[in-house]
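Visitor: Take this structure, written in structure tokens, and hold onto it; I'll ask about it next.
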Number of protein chains: 4
Amino acid sequence: MTDAREPIRVGVLGARGRMGLEVCKAVDAADDMELVAMIGGGDWLFNAADAGAQVLVDFTKPDVVMDNVHWAVDQGINMVVGTTGFTEKRLERVRGWLSHKPGVGVIVAPNFGIGAILMMQFAARAARYFESAEIIELHHPRKLDAPSGTAGHTARLIAAARAEAGRGPVPDATSEELPGARGADIDGVRVHAVRSAGLIAHQEVLFGTQGETLTIRHDSLDRSSFMPGVLLAVRAVVDRPGLTVGIDDLLD
Amino acid sequence: MTDAREPIRVGVLGARGRMGLEVCKAVDAADDMELVAMIGGGDWLFNAADAGAQVLVDFTKPDVVMDNVHWAVDQGINMVVGTTGFTEKRLERVRGWLSHKPGVGVIVAPNFGIGAILMMQFAARAARYFESAEIIELHHPRKLDAPSGTAGHTARLIAAARAEAGRGPVPDATSEELPGARGADIDGVRVHAVRSAGLIAHQEVLFGTQGETLTIRHDSLDRSSFMPGVLLAVRAVVDRPGLTVGIDDLLD
Amino acid sequence: MTDAREPIRVGVLGARGRMGLEVCKAVDAADDMELVAMIGGGDWLFNAADAGAQVLVDFTKPDVVMDNVHWAVDQGINMVVGTTGFTEKRLERVRGWLSHKPGVGVIVAPNFGIGAILMMQFAARAARYFESAEIIELHHPRKLDAPSGTAGHTARLIAAARAEAGRGPVPDATSEELPGARGADIDGVRVHAVRSAGLIAHQEVLFGTQGETLTIRHDSLDRSSFMPGVLLAVRAVVDRPGLTVGIDDLLD
Amino acid sequence: MTDAREPIRVGVLGARGRMGLEVCKAVDAADDMELVAMIGGGDWLFNAADAGAQVLVDFTKPDVVMDNVHWAVDQGINMVVGTTGFTEKRLERVRGWLSHKPGVGVIVAPNFGIGAILMMQFAARAARYFESAEIIELHHPRKLDAPSGTAGHTARLIAAARAEAGRGPVPDATSEELPGARGADIDGVRVHAVRSAGLIAHQEVLFGTQGETLTIRHDSLDRSSFMPGVLLAVRAVVDRPGLTVGIDDLLD
């Protein structure tokens, strides 16, 4: 399908960071893309424009990403942004910039892992049919926050789906609890964070009803797992003007 | 919501069998249903009509179920059928009978477990995004067939989804194999059947791509797990004339 | 081996309770045992002596079990006790009674599941070789305590094995925690209690070190799983005078 | 304990290979060892002797390892060998060389992963108590053989333990099997080999009996997981003259 089209011309911002390097490799290896610019900290952004980039992928830092987006939108270059720190306020500012550039697209995603996104979609869909729902996330012991952002997000999706289906609280007769044993409570969904050497990034969502359980588990081994999602976003953004948050809608 | 409606009047055929008894209990416990007839082998079918049944649930035997369906359709009574042995030819005959009774509905389902159905739906959806897909089903050692019907069905769904997404064969460099080690091949999807004391009925579908895996697992502990699906079908069939195969479409 | 011996003559106390009934069935089905007395609440204990019981199995209540043990020891009948509520003080009293009856044996065990006992033995053995150790127990939502007694016991075994091997605290950089996310802390080992419909009684012990994890998981489906352990104790107690706590030492 | 001793002087053969480099890093990072020689292909072995190495770790090739071992034993230097290809005949030759050097130790191990070894030890121990035993190994799709050597070895250990305990065949009523569904048969133990992108090296051993299952799972993420076992062997070999095969006996 793509061979009738010209390759998409892609530039990478934050190209010397760990994620940036992975993106460069992935773009370079994709048949339907051409890597036209690798911009690191201190490099001149205009190189990307000079190289004719149609899409910029940004894995930089929260303190520079807004300037990058502003500049790219201004130049009429589409963006795929994986840099963290996007609050609703920041998203609103991006929307403002884009309102003056109707043909330009920006995709901002907190997570490009297709497996993680499917896990969350499936969890949201299963939630309405089961009495119980509980989350166990498991990560390496150097992680600072517990539970993970993905686990928190999944819990809120489940809680919303349960509410919509008219489900009450999950059954739980616990009357004698050692503090913390039942995990953290996020909108009524219990979340447990396991930390162990030898782990990387894993999450299990358990649903149960009379006589059966359904478990959805995602295991992420390294950041290369984000690349299929980044490439999916690069392909999508050229035909998707305006702001898109998350890559959920790009699946199907 | 249902309290504005009259309870659905339900009769059970095969009421003295193990599944039949479970259905009687489940119908009896449901607020929006009334159990009006329990018909066992040798009992008079007309009792169900006399009792004013609107829906008959049939967990009988392959050699009597067709007569039951024919009779019920003729009487204008809706049916929910869990009895096994429905070939395409049998379904065609049911469609024929229903063509003369436009208001009557029949739902025939090989599996009423909502968890199993969601597992299959999720598997079909995930299949397009992952390089690899493989199935492990685990059952008690008294099971006669390997792999299970559910595993075979899941494999075919995955194979179809992969084909539609233009995916080629799963990667597999195996060149030296002890016979059977790589499982059975169903349309290019490998299926492994584990048999062990202490197990009941379980299935795991594993998807993998560079750097990540997604696993969907269903554990079924006893036949009570089918009851939510049976009740869902009873509620649906009164507003669903014609033949419905499987309860997939009743979810959402 | 046992065919040269007379069958062991076994009586069951609490024979009309759920566990008692299972024990009666299991003793009856064992080739090397004879079920000679089934004593329920209100029945006459002396019937067991009259029937020539060599071993009494007691699954009764905390408020009657001490009288039963006292009487049996006095009569020179061995006992296998699964009734709960044995404090160190109670065990001391049993030791006192036995000191006057050197030929009589009593085995008191909080758990007769061989799988659970092996899980704990393996966990204690693995603990010394891994940097990290963490426990996830999963039970039906009607359970009152969290975590389970087995999980607490396993955590203490792991902590002791780590201390003996000179291991310091498990690595954990968590600095921002939603209360409860990291589970309960039992002697430095984190324990998570999951509660869900569709579950019965399960426990997973996770060990991790650089580049690898080892997981030991026990799934218990019903109380029949305790019977092999009860029979093991019945066979052992006839040659094992004095008090034995737990069936760990009977394995191997 | 070790601070009273001089650090162990270690040389690495095959130091430029992937495993060799990992060993160099691990030795260098160990407080109780000193890395005194890194010998690659073409380098002069005598450098290791000149540097005063007490232990040589060999991760080279089957065609050079025997010369390396012969030379080291002759020089009175202990060896830890992870190179593959050690047949019984080769081990016999090493024993012959060592018979003339009573103070020298050689440890040859096919697998230095402590987790994998514990998995096998636990499996051998559990095998006698369960009716059923089955193995699922899961690896990346570039693996050539199915099942893995570790899975085959585990199956034979389980079969031997079952035979010793007088256990007959595992229960299995399968009468209708799609070829391969029930896996490969190794001494009566069924072994299933899963191959998927996103996997590395994993094995699950499932034991089952009436009402319960016990699962032992090992996940290996990268070759760094072998290093604790290599260091354990280095520490042990200086006090362990003669030939030791496998590191099993070094655990406890």
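We count from 1, first residue shown onward.
Any Cβ shown, glycine's included, is placed from N, Cα and C.
Heads up, here are the entries from TrEMBL:
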{"type": "DOMAIN", "residues": "B:8-112", "note": "domain 'Dihydrodipicolinate reductase N-terminal'"}
{"type": "BINDING", "residues": "B:GLY14, B:ALA15, B:ARG16, B:GLY17, B:ARG18, B:MET19, B:GLY82, B:THR83, B:THR84, B:ALA109, B:PRO110, B:ASN111, B:PHE112", "note": "NAD(+) binding site"}
{"type": "DOMAIN", "residues": "B:115-251", "note": "domain 'Dihydrodipicolinate reductase C-terminal'"}
{"type": "ACT_SITE", "residues": "B:HIS139", "note": "active site, proton donor/acceptor"}
{"type": "BINDING", "residues": "B:HIS140, B:GLY149, B:THR150", "note": "(S)-2,3,4,5-tetrahydrodipicolinate binding site"}
{"type": "ACT_SITE", "residues": "B:LYS143", "note": "active site, proton donor"}
Visitor: Let's check the environment of B:ARG18 (NAD(+) binding site): how many other CB atoms sit within 10 Å of its CB?
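Guide: The Cβ of B:ARG18 (NAD(+) binding site) has 10 Cβ neighbours within 10 Å.
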Visitor: In the same chain, which residues outside the set B:HIS140, B:GLY149, B:THR150 have their CB within 8 A of the centroid of the CB atoms that define the (S)-2,3,4,5-tetrahydrodipicolinate site?
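Guide: Near the (S)-2,3,4,5-tetrahydrodipicolinate site, beyond B:HIS140, B:GLY149, B:THR150, sit B:GLU137, B:HIS139, B:LYS143, B:ASP145, B:PRO147, B:SER148, B:ALA151, B:ALA201, B:GLN203.
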Visitor: Any same-chain residues 6+ apart from B:THR84 (NAD(+) binding site) with CB under 8 Å of its CB? Would you list them in sequence order, or say none?
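Guide: Non-local contacts for B:THR84 (NAD(+) binding site): B:PRO62, B:PRO110.
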Visitor: I'd like to know which of these active-site residues, B:HIS139, B:LYS143, is least surrounded, judged by other CB atoms within 10 A.
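Guide: Counting other Cβ atoms within 10 Å of each of the active-site residues B:HIS139, B:LYS143 gives the minimum at B:LYS143.
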Visitor: Rounded to a whole angstrom, what is the C-alpha distance between B:GLY149 ((S)-2,3,4,5-tetrahydrodipicolinate binding site) and B:LYS143 (active site, proton donor)?
Guide: 11
Visitor: In sequence order, what residues of the same chain, 6+ apart, have a Cβ less than 8 Å from the Cβ of B:PHE112 (NAD(+) binding site)?
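Guide: Same-chain residues close to B:PHE112 (NAD(+) binding site) (Cβ under 8 Å, separated by 6 or more) are B:GLY82, B:PHE226, B:MET227, B:PRO228, B:GLY229, B:VAL230, B:LEU232, B:ALA233, B:ILE247.
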Visitor: Quick one: of the recorded positions B:THR84, B:LYS143, B:GLY149, which have a CB under 8 A from chain D's CB atoms?
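Guide: It is B:LYS143, listed by sequence.
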Visitor: Rounded to whole angstrom, what's the largest C-alpha distance between any two of B:GLY14, B:ALA15, B:ARG16, B:GLY17, B:ARG18, B:MET19, B:GLY82, B:THR83, B:THR84, B:ALA109, B:PRO110, B:ASN111, B:PHE112, listed as binding NAD(+)?
Guide: 20
Visitor: In Å, rounded, how far does the Cα of B:THR150 ((S)-2,3,4,5-tetrahydrodipicolinate binding site) sit from the Cα of the residue listed as 'active site, proton donor/acceptor'?
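Guide: Counting only the Cα atoms, the answer is 12 Å.
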Visitor: Tell me the residue counts in helix, strand and coil for the domain 'Dihydrodipicolinate reductase C-terminal' (B:115-251), as DSSP assigns them.
Guide: 49 helix, 44 strand, 44 coil
Visitor: Can you check which residues sit near B:GLY14 (NAD(+) binding site), meaning Cβ under 8 Å from its Cβ, same chain, 6 or more apart in sequence, and list them in order?
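Guide: In sequence order, B:GLY20, B:ILE39, B:GLY40, B:GLY41, B:ASP58, B:PHE59, B:THR60, B:LYS61, B:THR83 meet the Cβ cut-off.
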Visitor: Tell me the Cβ contacts of B:HIS140 ((S)-2,3,4,5-tetrahydrodipicolinate binding site) under 8 Å, same chain only and six or more apart in sequence, or just say none.
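Guide: Spatial neighbours, sequence-distant, of B:HIS140 ((S)-2,3,4,5-tetrahydrodipicolinate binding site): B:ARG195, B:SER196, B:ALA197, B:GLY198, B:LEU199, B:ILE200, B:ALA201.
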Visitor: Please give the average pLDDT for the domain 'Dihydrodipicolinate reductase C-terminal' (B:115-251) in this predicted model.
Guide: 95
Visitor: Rounded to the nearest Å, what's the C-alpha distance separating B:HIS139 (active site, proton donor/acceptor) and B:ARG18 (NAD(+) binding site)? Just drop the number here, would you?
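Guide: Per the Cα atoms, B:HIS139 (active site, proton donor/acceptor) and B:ARG18 (NAD(+) binding site) stand 19 Å apart.
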Visitor: I want to check the contact list for B:ARG16 (NAD(+) binding site): same chain, sequence separation of six or more, C-beta distance under 8 angstroms. What comes out?
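Guide: Non-local contacts for B:ARG16 (NAD(+) binding site): B:MET38, B:GLY40, B:GLY41.
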Visitor: Within 10 angstroms of the C-beta of B:GLY149 ((S)-2,3,4,5-tetrahydrodipicolinate binding site), what count of other C-beta atoms is obtained when all protein chains are considered?
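Guide: I get 12 for this one.
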Visitor: How does the domain 'Dihydrodipicolinate reductase N-terminal' (B:8-112) divide up by DSSP, counting helix, then strand, then coil residues?
Guide: 43 helix, 25 strand, 37 coil
Visitor: Would you identify which of the binding-site residues B:GLY82, B:PRO110 has the most other C-beta atoms lying within 10 angstroms of its C-beta?
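Guide: Top count of Cβ atoms within 10 Å goes to B:GLY82.
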